[in-house]
Every structure is written in structure tokens, then in C-alpha cells.
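**Student:** One structure, as C-alpha cells, below. Some questions next.
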Amino acid sequence: MELKNQSVAIISSNASRPLAHYHPDVWGDRFLLYKPNPSSEAGQKPVIEELKQQVRSELKEASNDYMRQLKMVDAIQRLGIESLFEEDIDNALKNLSENFDDYCKDKHDLYAIALSFRLLRQHGYRISCDVFDKLKDGEDGFKVPPSDEALAVVELLEATHLRIHGEVVLDRAFVFARIHLESIEANLNNPVAKQVHNALYGYSNRRGMQQVEARKYIPIYEQYASHHQGLLKLATLNFNLQQTMHKRELSELSRWYRDLEVPTMLPFARQRLVETYFWDAGVVFEPENDVARMILVKVQCLISFLDDTFDAYGSFEELQLFTDAINTWDVSCLDQLPDYMKIIYKALLGVFEVIEKLMIKQGTLYRLNYAKEAMKIVVGGYFVEAKWREEKSKPTTQEYMQVATKSAGYMTLIITSFLGMEANIATKEAFDWVLSEPDVMKAAITLARLTNDIVGIELEKERKHIATAVEVYEDEHKLSMQEAMVEIKNQIESGWKTINEAFLRPTKFPTPILYRILNYCRVLEVIYDKSDRYTHVDPALQDIIKQLYIHPIP
């Protein structure tokens with residue numbers, strides 16, 4: 001109790017700190033009070049297993065019918081149940097890839113070609129964009145079939161999100177598809193109208209979070225007269241079963257978070273447990289990876305506190321002390337820290353003790369040092385930015401990006417997300433590879449930093465803060481803000497192309513490693529859509545979270 005009073009006194013006594021005045025948690029005790037119903041969950045599992053066997057059998061039977069198999073794979077993926085059929089889908093796509101040329105060589109079927117391209121490309125097949133050449137209509141147009149016009153162009157648009165560097169035909173297809181869909185959207189009826197709207201103004205199949213996209217697509221799919229009853233029922237049951245898992249995990253995490261007493265001990269910090277869980281469950285979403293997911297959420301919560309400490313509260317001298325404590329990594333450092341920092345440091349050491357026990361149990365103790373090194377990377381980035389702010393320095397674009405891609409935290413979080421993975425996938429070599437910043441990693445952390453900065457310009461201007469990437473680039477290249485913004489957005493698109501290219505076979509490391517990187521970028525599409533929804537949790541994000549974690553699908 002004495003420590004709490006000291007902390008409050010310290011915090012309230014210093015009016016000169018650059019406080020950000022973040023809004024409080026919007027969820028209250030909603031998840032803390034959750035009571036599971038094990039009998040209900042147990043009753044759903046046999047039904048799910050029966051439906052899985054039915055779908056598995058039908059997918060195999062469809063191997064002699066190209067379009068039937070193609071549409072089944074697409075539906076499984078869009079409905080968010082791809083993880084239930086990984087081996088079956090691998091076999092189906094192998095079959096589709098072997099038959100693609102024969103099926104499409106004499107056809108000008110935009111829907112079939114675009115859908116085939118997307119599914120094969122996103123699973124690593126090096127299918128050439130030349131398949132679209134025969135569908136071109138002039139320099140920038142494409143031949144659109146009168147039947148299924150809207151869905152064919154939707155698939156073309158979705159396919160363009162898999163493009164890599166140098167694929168001019170897909171760059172042009174992206175522009176064409178958007179213009180075409182915008183021109184016909186008002187004349188469409190549901191469910192096609194909803195699917196077109198999502199393709200235009202939502203998140204693409206490639207860049208969208210799997211759970212968010214599945215939750216949107218399930219009711220759309222149900223409205224199609226041709227929907228597969230077994231797939232629809234399986235997707236609904238699986239979604240609702242996973243929702244109970246999310247509620248259970250959020251309840252456990254809420255107890256841990258409550259014990260930290262964040263509102264009292266760290267009133268300057270953002271209270272964003274549920275939003276952090278949404279973030280990390282979008283990266284590590286597999287039910288079997290529950291322990292790794294819980295650790296990742298706790299680590300990101302603590303990183304968020306550190307971010308706010310360096311960004312919106314700590315004095316430069318205090319930040320120096322904390323940086324030294326992180327680099328030393330020893331409980332003896334507590335004595336040197338102000339009381340509010342002790343809360344964060346003790347919690348961090350506690351979480352890493354749990355990580356150490358897990359790594360010993362898994363026989364992967366070497367990972368602990370990588371996790372610690374990742375924390376030192378993000379804190380080191382925070383401190384350099386604090387030094388720039390203290391000294392009123394103006395970094396060049398290159399200097400800014402070298403530091404800001406670290407302080408964004410995504411390198412640290414991606415490394416942390418590897419901790420619970422199988423030993424033969426997240427090997428020592430995989431950790432070293434990611435830390436070396438290969439092209440795909442560099443693209444991801446650059447994309448993450450720039451996406452964050454685009455929506456954070458006005459927020460950062462409100463208080464003493466270093467310039468964002470947009471402002472640094474604008475100043476260095478003597479551009480207007482609009483011109484700098486265009487260039488930054490071009491760099492983001494370039495990053496997505498690099499990420500897409502990394503998935504083409506043969507890959508440097510197993511695709512589960514790459515999916516951790518991709519999934520973080522997918523979450524950013526939602527978190528930083530038009531604004532910083534993590535800092536200011538808007539009604540749109542609240543609605544997404546409610547759909548995922550509160551309201552089951554009827």
C-alpha cells in the first residue's frame with residue numbers, strides 16, 4: 001500500500017511531464033467476469049469432427065472437377081476454417097496447379113483464372129501473372145464476362161493483392177478493378193453487393209485478419225443459394241467454439257492485468273488489454289498455441305507501458321536508468337528505479353520467468369536470450385528517440401528509419417511470437433535470420449512504422465515529440481505533406497510486394513515463420529485504418545472486437 005501511495009505522489013507531483021491524456025479502458029470487467037460452460041463446448045466438438053470428415057471426403061471427391069474443387073478451397077479459406085484442413089488443401093492445390101494450364105489455356109474465364117491465381121500464389125506457387133495477358137482489353141482494361149461480372153472483377157482485385165515487384169499487368173489490374181467495381185456497386189443486390197463493398201472498402205483477402213474476414217464472410221456466404229450447408233455449419237460452430245476460447249483467455253489475462261493495478265500505479269499509460277489481445281490473437285490464432293499467445297499478450301502489454309513511459313511520462317534521467325536496467329536484466333536494478341518503473345520492471349521479470357520455465361519444458365532454452373535481446377532492441381530504440389527529443393535533434397530519413405523501425409516494437413513482438421512454436425520450425429537459425437533483417441523482415445518493420453506514422457501525425461503534433469516519418473521525409477526532400485504522404489504510401493505498397501515475394505517457393509524458412517511476419521502486417525491494416533485505433537479505440541474497432549469475442553454467430 002505504501003508503494004502505491006508513493007507512486008501516485010510521484011506521478012501527481014510533476015506537472016511538466018509530456019502527458020498524453022489517453023482515454024481509459026472501454027471494456028471494464030466484461031471479460032473478467034466470464035464463466036465458461038465446459039459441457040457446451042464438449043458437445044460441439046463431436047459435431048465439428050463429423051462435419052470435418054464430411055468436408056474432407058467431398059474435397060477429395062472433387063479432385064476430378066476443377067471448378068468444384070477450386071470453389072471449395074476458396075470457401076474453406078474465406079470461412080476461416082483452413083487450419084482444419086491444411087493437408088487436404090495442400091493436396092487440392094497441388095492437383096489444381098497440375099491442371100491449371102490445361103483447364104485455362106483455351107478459356108477466357110476471368111473468374112476462374114483470377115481465383116486460381118490468388119489461391120495458388122498465396123500458397124507459394126510461382127504462377128506467372130502472364131496468365132492475365134489474354135484477358136487484357138487495350139492497355140489498361142480487361143475483358144469482363146457479362147455473367148458473374150461483379151464476382152469476376154472482385155476476384156481480379158483480390159488477385160492483385162498478391163502481386164510482386166515488376167508485375168505491371170497486376171498494377172494496372174488493381175486500378176481497373178477498383179474503378180470498375182465502384183462504377184457498378186450501386187446497381188448490385190445482396191449478397192454480391194456486400195462482397196463488392198468489402199472488397200472495395202474493407203480489408204483484402206490477402207491483407208485482412210483471418211478471423212475478422214471470416215466473421216464478415218460467414219453471413220454473406222449464407223445468403224448465396226449455392227452455399228454448402230456442411231461448410232457453413234462447420235464454420236459457424238468453429239467460430240463460436242473459438243470465441244469461447246478467446247473469452248476464457250481474456251478472463252485469465254484480465255485477472256493478471258487487474259493485479260498490476262494499472263489505473264492507479266500507471267495512470268499515464270494506455271489501458272488496452274483487450275485491444276492487445278485482439279492484436280496478438282490475430283498473429284497467433286491457432287487454439288493449440290494458447291500458452292504462446294498468452295505470453296505474447298503479456299509482453300505486448302508491458303511494451304505498451306514502456307512505450308508510454310518513454311513517450312508520455314518519464315524524465316530523460318529516469319529513462320536512462322530504465323534503459324540501463326533492461327540492458328543489465330537483473331532484479332538488483334529495482335533499487336535504482338523510481339517506484340512507477342519498478343512496477344513495469346518487476347512485471348517484465350515475472351513474465352520472463354514464465355517464459356524461461358516454458359522454454360526449459362520445451363527443450364528450447366536458447367530462445368530465452370533471443371526474447372531478452374528483442375526487448376533490449378525496442379527499449380534501445382525508445383531511448384534514442386528520447387535522446388533526440390531531449391536534444392531537439394532532427395534525424396535524417398535514414399537515421400529515423402533505422403531507429404523507428406526498432407521502436408515500433410514489431411521486431412520484438414515477432415521474435416516473441418516464435419517462442420511457443422515447434423522446435424523444428426522456429427530454430428536457432430530462424431531467430432538469427434529474422435534478427436539479421438532479411439528483405440521480408442525489413443519490408444514488414446518498415447511497413448509497420450510507416451503505417452503507424454501516417455495516422456499518428458496529428459496526435460504527435462499535440463505534444464513534445466520527435467517528427468514522424470512523413471514529416472522527416474517532407475522536410476528532407478522539400479515536399480508538401482501531401483507529396484510526402486504519396487511517397488510513403490508507395491513505400492508501403494512496395495513492402496507488401498516484398499512480403500508476397502518471400503512466400504513464393506522455395507522459401508528460406510518454413511511458412512509458419514513467414515506467416516507470423518505477415519499476420520502482424522495484417523493486424524496493422526485494422527489497427528491503423530484511417531486512425532490510431534489502439535490509442536483512440538473508435539466505435540468501429542469496438543464493434544469488430546464485440547463480433548469476435550462477445551457476440552456468437554446465431
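Cβ coordinates come from backbone N, Cα and C, glycine included.
Look at Swiss-Prot and you will find Asp307, Asp311 tagged as Mg(2+) 2 binding site. Residues or ranges marked as Mg(2+) 1 binding site by Swiss-Prot: Asp307, Asp311. What Swiss-Prot lists as motif 'DDXXD motif' is 307-311. Residues or ranges marked as Mg(2+) 3 binding site by Swiss-Prot: Asn452, Glu460.
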**Student:** Just the number: how many Å between the Cα atoms of Asp311 (Mg(2+) 2 binding site) and Asn452 (Mg(2+) 3 binding site)?
**Tutor:** 15
**Student:** Which residue counts does DSSP give the motif 'DDXXD motif' (307-311) for helix, strand and coil?
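**Tutor:** Counting residues per DSSP class in the motif 'DDXXD motif' (307-311), I get 5 helix, 0 strand, 0 coil.
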**Student:** Going by DSSP, is Asn452 (Mg(2+) 3 binding site) part of a helix, a strand, or coil?
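**Tutor:** Assignment for Asn452 (Mg(2+) 3 binding site) reads helix.
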**Student:** Going by a 10 angstroms cut-off between Cβ atoms, which of the binding-site residues Asp307, Asp311 has the sparsest surroundings?
**Tutor:** Asp307
**Student:** Let's check the environment of Asn452 (Mg(2+) 3 binding site): how many other CB atoms sit within 10 Å of its CB?
**Tutor:** 20
**Student:** Please report the Cα separation of Asp307 (Mg(2+) 2 binding site) and Asn452 (Mg(2+) 3 binding site) in Å, rounded to an integer.
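**Tutor:** Distance (Cα to Cα, whole Å): 14 Å.
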**Student:** When the pLDDT values for the motif 'DDXXD motif' (307-311) are averaged, what is the result?
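**Tutor:** The predicted confidence over the motif 'DDXXD motif' (307-311), as a mean pLDDT, is 96.
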